[in-house]
């Protein structure tokens with residue numbers, strides 16, 4: 001009958017379906033994924049290593065299933081006595097159910113019934129036979145070879161060809177040394193033994209056949225001299241005929257069942273178990289696969305066999321261990337994730353927000369999570385393959401430590417950055433507080449105090465987050481980096497403070513130079529103390545040594561600024577190089593301030609005003625500084641020429657920054673000096689290039705000292721001459737205006753003759769108010785200089801009114817009889833005159849209200 005109450009491949013069965021066992025592999029070579037479910041139902045999984053696996057191998061219809069059912073009380077399907085056909089398809093498994101076994105049999109014996117070989121159903125297709133036999137040999141501790149007595153000595157009948165293939169493939173795929181390969185027991189059960197041929201003789205025949213078979217198989221390199229006894233032990237038993245001698249058969253089977261118990265390895269034995277009561281299960285036969293991993297192990301073995309992959313049994317053990325260890329690792333990491341993931345999310349959120357907050361109690365949380373996950377893994381995975389367990393333990397520890405290390409490093413980085421930020425803010429706040437109090441604070445002392453606080457805080461935070469037993473949680477290297485960055489930040493803050501100091505001193509220099517240099521240039525506008533033009537005497541001090549005074553004022557001011565800078569920098573604990581760079585920058589910046597001030601003073605409007613003032617002081621005042629009252633007898637032309645030429649010579653003087661003592665530009669390059677060796681690009685990025693000082697500039701020192709270019713000088717000269725000419729014309733008018741004065745006696749005469757009219761106007765309010773309004777209007781008109789335009793407009797309007805009146809009169813005369821007669825009596829000249837003006841428009845009048853010259857020329861042409 002077929003197997004009943006067995007869970008087949010793909011069945012989604014309940015517990016009742018597993019009553020008698022499970023189909024491990026079906027006839028289509030599909031592995032049943034519910035094997036672990038069956039083992040769990042049979043309570044084999046909790047046994048760990050305390051289980052044993054037996055397989056049966058033999059030809060079809062030789063009673064393999066019957067033998068197993070009698071030995072172990074299983075319910076494997078057996079062949080019907082009315083027909084001889086295949087009964088077992090695929091590979092089936094059942095747990096030992098022999099009730100009479102008692103304590104004489106080992107616990108948790110698993111029995112696999114393998115499809116028989118040489119069946120007519122599969123015919124010449126021996127692929128499944130080879131694979132199922134190899135699977136049974138690879139997974140089982142004991143392989144029962146079921147053989148009839150009359151098959152002993154036969155090649156095909158005893159399945160020697162199939163055994164040869166299995167041995168050959170098994171040897172090629174096994175580990176290449178016998179010491180590391182688990183041994184297996186080939187248990188030959190000789191059926192239907194009549195007793196005519198002693199069991200000993202049958203045993204010798206089988207051993208000889210197997211040894212001969214072993215010598216003919218292909219062996220891997222290094223195993224050419226290996227023997228079959230190096231890999232297999234043999235046991236033999238003979239059973240009476242089941243049909244002809246049923247009582248003896250049952251008795252022999254019962255006696256045989258008592259041998260399926262655990263024994264030990266007797267060193268006196270060497271591959272042959274010939275005692276009738278010797279235990280079958282020896283320690284060296286066990287594959288050392290935990291029961292909870294057997295399903296995955298068997299499935300991996302079968303998968304490699306089916307796909308013709310290499311079959312390395314120790315590797316399969318490792319694969320099982322890898323599978324289970326990976327599974328256990330995933331399970332124990334669930335609780336680890338519950339603790340660590342929120343911490344990682346918090347750090348990620350802080351990173352996105354750009355903040356550097358410290359997570360409270362991070363160190364204790366990480367320590368507790370790490371210890372728990374490693375302990376849970378050790379408890380559940382330590383019974384598997386030691387090498388794999390150790391490797392997976394290291395991998396798990398590596399994964400855990402990778403995540404914890406990331407947390408630790410980010411927390412340490414947060415402590416680092418927050419400490420740096422806190423240090424910077426504390427120093428800046430202390431400096432600002434000192435500035436508010438207007439006190440002379442000690443910057444170096446502030447930095448030293450805040451640095452000690454920052455280091456103490458960092459070490460406390462780093463110690464609190466350390467992981468026990470993790471070498472990577474040391475913060476010594478980070479502490480060194482932190483100290484170095486504190487030093488760098490201190491240096492940067494010191495540089496910034498020195499920059500601010502330099503900026504304050506630069507403002508002081510700018511203020512002093514604005515006042516002093518502006519005063520020197522203002523002296524150019526006064527020429528009253530001079531002694532005449534250069535050709536008649538020396539230039540005034542205000543003009544001759546202008547640049548000498550400017551240079552002296554500049555260098556003295558910068559010298560005082562340098563002293564201020566040096567004295568203040570001493571409280572910053574600045575190095576000599578930093579002070580040197582600061583002074584070098586101060587000199588360059590100060591020169592830029594002076595150059596900007598000079599450019600401001602010589603701007604077109606400013607310098608032209610100063611030249612005019614200089615000219616007017618020389619022209620309108622005498623040598624004693626007394627203002628001149630121009631008379632017709634004065635030599636206005638000579639004084640004008642003298643003053644103008646004297647002022648003109650100031651322009652070339654201003655054009656170039658040259659010292660009067662040397663007639664050369666001041667030694668600006670030597671005064672600024674070479675750039676210090678410690679200067680950095682950041683120190684130079686805000687500095688303007690200086691000609692003659694910077695080698696990479698096209699300008700020379702002469703170009704740097706050029707204040708006015710030739711083009712500007714020429715333009716300035718033209719503008720000044722126009723201004724001077726205006727002053728000259730005004731002086732001429734003043735001198736001539738004195739000749740046409742109104743006689744003094746005329747004023748009393750006008751007052752006497754007009755007294756009555758004056759009194760009438762003053763007594764009449766209307767006239768008086770009207771007079772006041774006229775006076776105000778006249779004053780406003782005079783102030784706005786509108787008398788000229790008003791006169792021209794009035795003249796033009798009167799002329800245009802006259803022309804319009806003439807046109808109206810002419811039109812009237814042309815429309816009346818008397819007028820036409822009068823016009824007829826007039827001469828032709830009058831008509832020509834009429835035509836001459838009839839087309840005159842107001843927009844063709846000139847400023848005096850008369851026809852423009854172009855209009856008159858047009859009329860003449862006509």
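Cβ from N, Cα, C; glycine included.
Secondary structure from DSSP puts residue 61 (GTP binding site) in coil. What Swiss-Prot lists as GTP binding site is 58, 59, 60, 61, 62, 63, 64, 65.
Residues annotated as coiled coil in Swiss-Prot: 473-499. Across the coiled coil (473-499), the model assigns an average pLDDT of 82.
Summarising the annotation, Swiss-Prot assigns compositional bias 'Basic and acidic residues' to 833-856.
According to Swiss-Prot, the feature domain 'GB1/RHD3-type G' maps to 48-298, an assignment based on sequence analysis.
Shown are the binding-site residues 58, 63; of these, the residue with the fewest other Cβ atoms within 10 Å is 63. Fewest other C-beta atoms within 10 Å: among the binding-site residues 59, 61, 62, 65, that description fits 61. Other residues of the chain with a Cβ within 8 Å of the Cβ centroid of 58, 59, 60, 61, 62, 63, 64, 65, the GTP site, are 116, 146. When the binding-site residues 60, 64 are compared by the number of other CB atoms within 10 angstroms of each CB, 60 has the fewest.
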